[in-house]
Every structure is written in structure tokens, then in C-alpha cells.
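Chemist: Got a structure here, written out as C-alpha cells. Questions coming.
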């Protein structure tokens with residue numbers, strides 16, 4: 001009898017060891033150092049794999065493993081719960097970064113030489129995400145994106161239009177397109193997040209500087225500072241489809257790539273998708289002219305990819321080597337060329353003609369950050385904004401935004 | 001005898017241990033964290049009942065409760081009507097009975113996410129284009145893009161998918177009824193409707209109870225069908241409670257707050273299920 005009990009117990013132990021053993025592999029058998037690189041972009045897997053191969057050839061003792069799951073931010077948050085973190089993160093400069101930095105999980109790069117190679121506006125941008133009591137720069141902005149108006153060159157020429165420089169010119173262009181029977185803007189508002197592109201473009205220029213900080217101190221509010229934003233959003237909505245909420249992002253990519261509308265509100269990240277649908281299409285991009293003063297019309301651009309090492313990583317030296325490798329000019333260039341992105345590094349320029357309108361603004365430092373990256377993530381701004389665009393009641397909506405913000409901050 | 005008891009105990013222990021580790025322990029953890037301000041990582045403090053109080057004042061949570069109940073009640077009723085009807089049809093003496101049973105069970109085999117993408121295409125492109133071609137412009141739009149009708153789209157897909165499983169349960173129930181009961185009724189001159197009302201339905205009452213309780217519980221926990229169709233939109237019109245807990249907890253970094261929501265929700269589901277069983281079992285008849 002006793003014997004059997006022992007057998008059973010060992011059986012149980014074996015199973016629990018087996019379960020515990022999953023995911024606990026730090027050093028592989030061949031003595032190489034294993035680095036895990038966690039990326040939140042499924043789009044850049046191929047580019048990363050190429051760069052990683054090159055890196056591994058140079059550093060034969062390091063084995064970099066790329067992990068880029070779908071809904072990466074959610075996966076990362078669940079892994080945080082399990083305290084199972086990768087060595088290097090490649091994530092966007094968004095509120096998640098602020099939370100991680102605030103929780104003291106990332107390396108501080110303040111004062112390092114690496115930081116000096118990066119455009120100061122982007123460094124400021126990510127610094128603003130970190131709450132006051134943990135001031136510092138906990139990541140290196142690497143590639144950046146831009147919130148753009150993409151246009152169909154062919155249609156633009158057919159209509160005899162030029163890239164608008166002011167809000168009035170922009171509206172005039174929309175009018176002309178409508179009169180000629182061309183859909184001016186293809187909205188894809190069935191997917192709530194796509195509404196954030198025009199929203200960020202408009203709010204990025206119109207909102208007061210440091211809105212989020214002021215809002216938390218009670219010096220600013222949506223009700224006071226955003227009415228012009230909601231007005232302009234509703235104006236844009238009039239130049240859309242019969243039903244702006246019928247189609248989602250993928251539908252929109254197909255339709256726009258097939259020439260069904262003049263303008264498309266998307267970021268540079270949509271360009272590879274559009275090219276996939278229709279490789280022949282000729283595209284151009286510009287920053288939405290939100291006011292009638294061209295000098296004020298800044299481009300909304302954000303840190304799309306930021307590289308940072310975890311403070312508790314067991315291989316800090318190897319992690320730094322990898323990040324240094326990525327920051328080399330030729331590698332940074334390869335990354336942005338393959339990803340149709342822009343570089344946060346000084347002097348590395350995107351030379352694709354399609355993106356020249358945006359690159360110019362970035363080179364001149366006429367950029368501002370994505371306003372929604374500073375909204376508390378718990379309030380789910382995209383869904384609230386989508387609901388507003390359906391109901392079109394500005395006053396009630398702005399009050400609701402204020403209320404939700406305060407509610408989420410209080411919890 | 002003592003030996004035998006020990007053998008039973010040994011056989012049951014692994015299951016109990018595994019159940020505790022993977023089920024009970026996480027539940028207790030969740031309850032524990034619902035009294036803190038934990039974000040899922042980092043430092044935390046105890047906050048007492050404030051998470052619970054906040055849930056009751058959270059308009060978003062309340063409207064998601066309202067949506068979930070509306071959705072669950074309507075879907076439960078529809079699923080039971082359809083599955084009982086289909087089961088009666090498949091129990092009758094018709095040709096290709098077995099093939100038809102297999103076909104009607106198909107929706108249950110497909111993954112909800114895949115079904116969701118198919119229905120998404122139907123609602124976005126297929127139906128609006130047909131309606132547009134017929135000249136009915138009022139219906140030529142995506143019902144999932146309108147906060148007033150989006151929930152109907154979810155109900156349609158859910159009912160289509162869930163009817164299959166409940167049909168199987170009803171079929172099993174129908175097979176327990178002996179033919180001689182019907183023969184006796186026929187001799188008394190009962191018509192088909194009378195036979196259904198007085199014989200079939202009372203005799204499958206236990207299956208009716210089980211189906212109602214299972215369907216209601218499943219639909220109260222609706223998650224994947226909503227992710228596939230609307231992801232909670234437009235606005236927050238179709239945000240079910242499970243989806244809210246998931247989104248707020250993992251995407252919004254409000255782990256502890258949504259744990260409180262989950263505890264409340266768990267209690268509500270238990271109460272509803274017990275209530276349903278009590279009420280429905282009272283009207284069951286014994287053969």
C-alpha cells in the first residue's frame with residue numbers, strides 16, 4: 001500500500017515539475033546566451049529576423065530570439081503578472097511604456113551617449129509619458145511613425161488639385177472631389193481605432209501644450225479646450241461615405257488601394273498594406289492642415305518603436321550590444337526603408353518619394369506627439385470617440401470625456 | 001473496507017489537487033486582489049471595498065450589464081425555440097434523418113471566431129449589397145456599425161451557432177419518450193398540437209431546464225462572438241461584461257478594479273442559475 005502511495009506522489013510531482021519546467025530555459029545547451037526580444041509589431045518580423053541574423057554572425061555567443069505575438073501589449077501585460085519578462089523590449093512609446101517605467105522595470109538611459117544620437121523631440125515625447133516621481137528616459141526611440149493623410153496621386157491630378165496647405169484649402173479640395181463624384185474620404189469607422197487618426201491630427205495641433213498634465217492638475221479640460229476639435233471632426237465626417245461605420249480597416253485598405261476615394265486617413269504603416277493590394281497605385285502623403293496658418297500645422301508623429309532593456313535582465317551586456325547594433329546608421333536605415341517608417345536617429349532620413357511630404361516636416365522638427373497616448377488607457381478613448389461620431393452631440397461627449405478621465409484616474 | 005476507501009481517496013486526490021491549483025487558487029487570488037489597487041504588476045496597497053463601490057458607480061459597467069442581460073435573455077429564448085423545433089423535426093420519421101442531424105450539428109463544430117469572421121463579411125458586404133441591389137436603401141447598411149442594431153447581429157450569429165448544441169440535448173430528451181404514450185393519445189383523438197403540449201413538452205421538461213440554464217449561463221459569459229463581430233463597438237454598445245473585464249483589466253491596466261467586477265459578476269451568475277433551476281424544476285413532471 002505504502003509503495004503505491006509513493007508511486008502516486010512521485011507521479012504528481014513529476015507532472016507539476018513538467019508544468020513548472022515550461023518556459024524556464026535560460027541558457028541553451030550549446031553555451032550561447034539566449035536573449036529574448038519582445039516586439040509589439042507583427043509587421044516588422046521579417047526585418048527583425050534579417051537584422052538578428054546579421055547580429056548573430058557578428059556575435060557568435062549570442063542567440064537572439066524574436067517574439068512578436070498578436071495583441072502584443074495584452075500578452076506583455078499578462079507576462080508582467082507572471083513576472084516572466086523578456087530581455088529586450090521593442091514597443092511603442094505609448095502609455096504602456098509610461099506604466100512600465102513608472103513600475104521601475106526598465107533601464108534608465110538618461111545621460112548615456114546613445115541618447116545623444118536621437119532627435120530631442122522624440123526623447124521629450126517619451127519623457128512626458130513617465131509620471132513625475134520616476135523622471136528619466138527609460139528607452140531609446142528608434143523608429144517613428146506619422147499620422148497622415150494619404151492621397152491617390154492619379155485622382156489628385158485628374159481633379160487638378162494640389163496638396164492643400166491650409167484647412168480652407170483642404171475643405172475646398174474635399175468639395176471639388178465631392179462635386180466630381182469622387183468619394184473625398186474613405187472612413188473605416190467600424191474599427192474604432194481608425195477614428196483616432198483624424199482625431200489625433202486635429203487635436204494634436206489644437207489642444208494646449210501638455211494637455212494631459214494640465215488636465216490632471218485641473219487647469220485644462222475637454223469641455224474648454226476641445227470644442228474646435230469636435231467641430232472639425234464632424235465637418236470631416238460630412239465628406240465620407242453614405243455610412244461611415246459600415247467598413248473596417250481591411251475593407252478600407254482594399255477600397256482605397258483600388259482607387260475608390262481621394263483621401264485616406266492612415267499612418268505610414270498602412271502603406272505596405274495598400275501596396276500589397278495594388279502594387280501599381282501611386283500614393284502621396286501630407287500632414288493634415290488643421291489651421292489656416294501653415295506654420296502651426298504640425299505633423300503628428302510618435303515613437304513607433306523604442307528599444308529598451310529590462311532592468312532585471314540576466315544579460316545586460318548582451319542586451320546593450322544588441323541595441324547598439326540596431327542603432328548603427330546602416331541598420332537603422334534598413335529598418336525604416338523596409339517598414340516605410342521614419343528614424344528617430346539624427347541624420348537617418350527616409351528617402352522614399354511617397355513619404356517626402358512627411359519627412360520634410362520631421363526633418364524641420366515641425367512635429368507634435370499623439371494626444372491619445374497621454375489619455376489614461378482605462379478610459380478607452382477610441383470607443384468613446386466612435387460613439388460621439390455616431391451620435392454627433394459635442395457637448396455631452398466632451399463632458400463625458402472629462403468625467404471618464406477623472407473616474408479612471410481616481411481608481 | 002478501509003483499504004477500499006483509501007484507494008478511492010488516492011484516485012481522487014490528483015484531480016482535487018489539480019483542480020485546486022488551476023481553478024480554486026486563481027479564483028481566491030482574484031478575490032484577494034479585488035480588495036487592492038494592483039495594476040497587474042508593481043506595487044500595491046489594500047483599498048478595502050472601494051473597487052466594489054466604484055463598479056456600482058461606473059456607467060460603463062452598468063451599461064455593459066444591461067447589454068449582457070438583454071443579449072442573454074433574447075438569445076436564450078430564441079435558441080430554445082429553434083432548437084426544440086429542429087429537434088422535433090429531426091425526431092420525426094423523415095428521410096435522411098441521420099444525415100440531416102449531422103448537418104444541423106455542423107455550426108457547433110466550427111470555431112466561433114471563424115463563424116464570426118464569416119458573419120462579419122455577410123453583415124458588412126453581402127447583405128448590404130443585396131439590399132442595395134433590391135433598392136431597399138434603409139437596410140443597405142452594416143447593422144454592426146449602428147449602436148442600436150449591432151446587438152441584433154450578435155444575437156443572430158450566436159443563435160445560429162448555439163442552436164446546434166441544444167438541439168442535440170433536446171433530441172436525447174425526445175428519445176426517452178416511449179411510442180405507446182403517443183398511441184394512447186391518438187386513440188383518445190389528440191391532434192399534433194395537443195400531443196406536443198400535453199405529452200412531449202411535459203416529458204422533456206428536465207431537458208428544458210438544463211437547456212435554459214446552460215444557454216443562459218453561456219450567453220451571460222459571451223465573449224468570443226463579440227470579439228469576432230464588433231469588439232465591443234460601435235462605441236461601447238456591445239461590450240459584454242466578460243469583454244469589459246478583459247479589456248479593462250489587461251488593456252486598460254485596471255486589474256484589481258476588474259477583479260472586483262468579476263467577483264460581482266460571478267455571484268450574479270450563480271444566483272441566476274440557482275434561481276432558474278429552482279423555478280424550472282418545480283414544473284417538471286415525473287414519469
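The count begins at 1 with the first shown residue.
Any Cβ shown, glycine's included, is placed from N, Cα and C.
According to TrEMBL, the protein has these features:
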TRANSMEM  B:7-28  transmembrane segment
TRANSMEM  B:65-90  transmembrane segment
DOMAIN    B:65-276  domain 'ABC transmembrane type-1'
TRANSMEM  B:102-123  transmembrane segment
TRANSMEM  B:150-172  transmembrane segment
TRANSMEM  B:196-216  transmembrane segment
TRANSMEM  B:262-280  transmembrane segment
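I'd like to know what surrounds each of these features in this structure.
Modeler: Sequence-distant contacts of the transmembrane segment (B:7-28) (same chain, six or more residues past either end, CB-CB distance under 8 Å): none.
Within the chain, the transmembrane segment (B:65-90) has long-range Cβ neighbours (under 8 A, six or more residues past its boundaries) at 97, 100-101, 104, 151, 154-155, 158-159, 162-167, 169-171, 173-174, 196, 200, 208, 211-212, 215-216, 219-220, 222, 237-241.
Below 8 angstroms of C-beta separation, residues 86, 90, 142-144, 153, 156-157, 160-165, 167-168, 224-225, 227-229 of the same chain, each at least six residues beyond the ends of the transmembrane segment (B:102-123), sit close to that stretch.
Tertiary neighbourhood of the transmembrane segment (B:150-172): same-chain residues 67, 70-71, 74-75, 78-80, 82-84, 86-88, 90-91, 101, 104-108, 110, 112, 115-116, 119, 123, 143-144, 204, 207, 210-211, 214-215, 218-219, 222, 225-226, 229-230, 233-234, 237-238, selected by CB-CB distance under 8 Å and a gap of 6+ residues from either end.
Using a Cβ-Cβ cut-off under 8 Å and counting only residues 6 or more beyond its ends in the same chain, the transmembrane segment (B:262-280) has close neighbours at 30-31, 34, 52, 55, 205, 208-209, 212-213, 216-217, 220-221, 241, 245.
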